[in-house]
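To start, the structure itself, in structure tokens.
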Ligand SMILES: Cc1cc2nc3c(=O)[nH]c(=O)nc-3n(C[C@H](O)[C@H](O)[C@H](O)COP(=O)(O)OP(=O)(O)OC[C@H]3O[C@@H](n4cnc5c(N)ncnc54)[C@H](O)[C@@H]3O)c2cc1C
Ligand code: SF4
Ligand code: SF4
Ligand code: FES
């Protein structure tokens, strides 16, 4: 399980070497999330329609190692975009990956871009 | 410029620095600090938290930069080895020499390790520093790999020993506390309370061995056991010694300061040692012939030393020092204050003991019955702060002092006043010596209107944190006395209570979360306001969870209960628990087909676990074809109406409870509310349906139905209260209609009916007034609003499976047909269960 955790490493926009074409924009619920599969990894992608921004992070919740974050509720805490895990409501910043209401490990976040109505996730490999 | 050198960068040494820099003009003094530990001062009191988070930084009293910012020269990992009083210099282990004008010794203490044969064996630890904890943890990890059910002993059953016992238990070892005295916490508890505590701790898995003198520690190289008498041996794999403390007074001794006969550096009430230029504070100082092993007196000493050095001679140490303590962390309340136990000639004691609930309370009262002298609380220390304040401030006792521990039983004679009745001089936070007066002023004059703000401004609550509840009360009460209402806004995005939002939505006919946010909220919402607003929409428009799916709580969003491994459970409605054999077969067939774990729920229906997201619509399609509907087990909504078989079958039955329960469940099904609601109907007062622990319940009696409301099971069980007696079914239903609607409109989010009633001014009598006497004139409106909900019910799962767009939400990935391959099951009693968490 710990090894699963290690497969997710945060990627900064400058370091992106590959933009993975995930799915058309319409596939992602407004103001909600969905899960994308990429090479054995599960990436949660969030469509903040109100703000017009997108975020991505590992789907794996570091609390109990469940693949569930994409199904969590999203929101904002003093301007910081976040996702709350559906299992025990631990919430994580989608900008920094930091755990906001405790001290679990951070989650890995990934850059997202939208081009021609398609969602792309940035990886560096 | 004068130089002050502080030896020891522990809790008290740090506090000295903090107080010093806040009072002194930086040009006139230079402050140099030496600490032997490899890190800057940290909060030893909360040492055990290090396990939970492994984060040493969080324990720091202040970061390294803080010392720099305040021009403090800090040398850590540097032990002071000698003091030369003649030349007023000190030297360190690395042979550096420094001059001082004033020297402050804050070297604390070290754990006392008794001279028992074998204490030097591998696997024997003490519990004082982060390094101690790291070593213990590493050893425990090693042991756990080789020994099946490893055991660890703690030598010493005092305050710290019990804390250490909890710690080794959390490390995954079986804890054994070994105490020399015939009771636990010998300094704080009497024999009876020790007994109560012992039983409670044993029930939690902490083994207690009293009156045990350890002869030797067994093992070849590493510890394998402890020997008490000839045939009295306890096998253990690790030992933590917590047998008291010894002041680290070696520096004082070698430079000839006056010492106590059993150690410690003697100080006067100015914290001065026998050398007027040398001060001693904290656990090293012997004041009134005592070492005080607590932070609060240490902090006070630090303050006295600062003032003395700065020439404020009138600041001296109090003559009597309060040693009241509360045990933290262990999971059972234990506290003692003042004189915990005493001979009868000094005063009399009032003792309350309830063995079955592991409760023990004792207060000691002066002979004239006017003053509280001390006491002990085990099992429930909720009143500790208030009792401590009464003791410290010598407040007059109520006429029946037993009420202080028993609560006032009937009558209007409240045992405790509010925290506001304390004198302004009452010290609320003893760690930081903050008084009630200071807290209230900070609220009134400086506008610090929350515990957070108060703690920033006054430092109250930042020590052991025990005073938090009282500070909270003081803040609230002070605000109230200023005529300020404490705003119950639901979160940062809406400055309204749920009830206010409910009215806004209704009056302005707002139907979308986004419009509501635009019109009366700010920002973009969060996981608190979204489901709260979703519930309001549902209660007003009876909108199902499908339309605005992403503002729903996760369970509602997918119309199923998320379970441990991210799979879901499926619960069809089985109104009142009545089910036909044909329906049973249908459920069985479907559960078998999808390989679901099945179990009967507490609400008399069948739960099927282990369905993956993409299977949900398939399963529901089949269930609906068999005539089932959603059971809304996932929603904050009506769950079930439990029933007994009543007069249909039962020989005692007074009326048909099943029929009534089915009608009621079908009436309220699908209605969403601030929290889940459950009902019950019993056919007679034998109450087999447990209707009185439900949010609403009916019990058939001679001449009609008794109606009960606001009973809850769950974490805080409460019996329901009688709303009406001997009414017919129609009237009973009408009352409950109104009650539910009123609750739905006025309760805060996620508040169940019992908690709602507790907070409602006027309580059950007021509800009766609204529901039966219509004192608010809203009964008709409540009736019609409820009728609207009843008339517009639809099964949201039927809606979901029939609508391709909604159905499309049920896939694990948006870019692949695959299912989640990380889900793993193992078998369990011919069914399956999720693979255990690691
Ligand atoms: C697990 C645990 C739980 C506790 N819980 C509570 C509680 O709930 N409530 C409470 O009031 N108290 C509690 N205490 C006690 C509290 O921590 C102490 O009273 C407090 O730390 C004393 O502060 P001090 O500065 O005197 O000593 P310390 O914090 O021990 O600091 C002394 C420092 O001086 C250093 N030092 C010693 N000699 C030299 C030298 N020659 N040169 C340089 N440095 C030197 C030491 O290494 C140490 O870092 C607890 C203690 C422990 C261990
Ligand atoms: S509550 Fe009364 S009627 Fe119902 S089953 Fe029990 S005894 Fe029979
Ligand atoms: S009692 Fe606790 S463990 Fe059991 S079902 Fe309820 S929440 Fe889960
Ligand atoms: S699994 Fe995510 S919060 Fe517990």
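Glycine residues also receive a Cβ, built from the backbone N, Cα and C atoms like all the rest.
What you are looking at is a predicted structure, and each value in this text was computed from that prediction instead of being measured.
Features as listed in TrEMBL:
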type: BINDING; residues: B:644, B:650, B:684, B:688; note: [4Fe-4S] cluster binding site
type: BINDING; residues: B:688; note: siroheme binding site
type: DOMAIN; residues: B:3-306; note: domain 'FAD/NAD(P)-binding'
type: DOMAIN; residues: B:324-388; note: domain 'NADH-rubredoxin oxidoreductase C-terminal'
type: DOMAIN; residues: B:427-477; note: domain 'BFD-like [2Fe-2S]-binding'
type: DOMAIN; residues: B:563-624; note: domain 'Nitrite/Sulfite reductase ferredoxin-like'
type: DOMAIN; residues: B:635-760; note: domain 'Nitrite/sulphite reductase 4Fe-4S'
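Neighbour counts were taken at the CB atom with a 10 A radius for the binding-site residues B:644, B:650, B:688; the maximum falls on B:644.
Take the mean position of the Cβ atoms of B:644, B:650, B:684, B:688, the recorded [4Fe-4S] cluster site; other residues of that chain with a Cβ within 8 Å of it are B:645, B:646, B:652, B:653, B:657, B:682, B:683, B:686, B:687, B:689. Counting Cβ atoms from all protein chains shown, residue B:684 ([4Fe-4S] cluster binding site) has 19 others lying within 10 Å of its own Cβ. DSSP classifies residue B:650 ([4Fe-4S] cluster binding site) as coil under the three-state reduction. Reduced to three states, the DSSP call for residue B:684 ([4Fe-4S] cluster binding site) is coil. Averaged across the domain 'NADH-rubredoxin oxidoreductase C-terminal' (B:324-388), pLDDT in this predicted model comes to 86.
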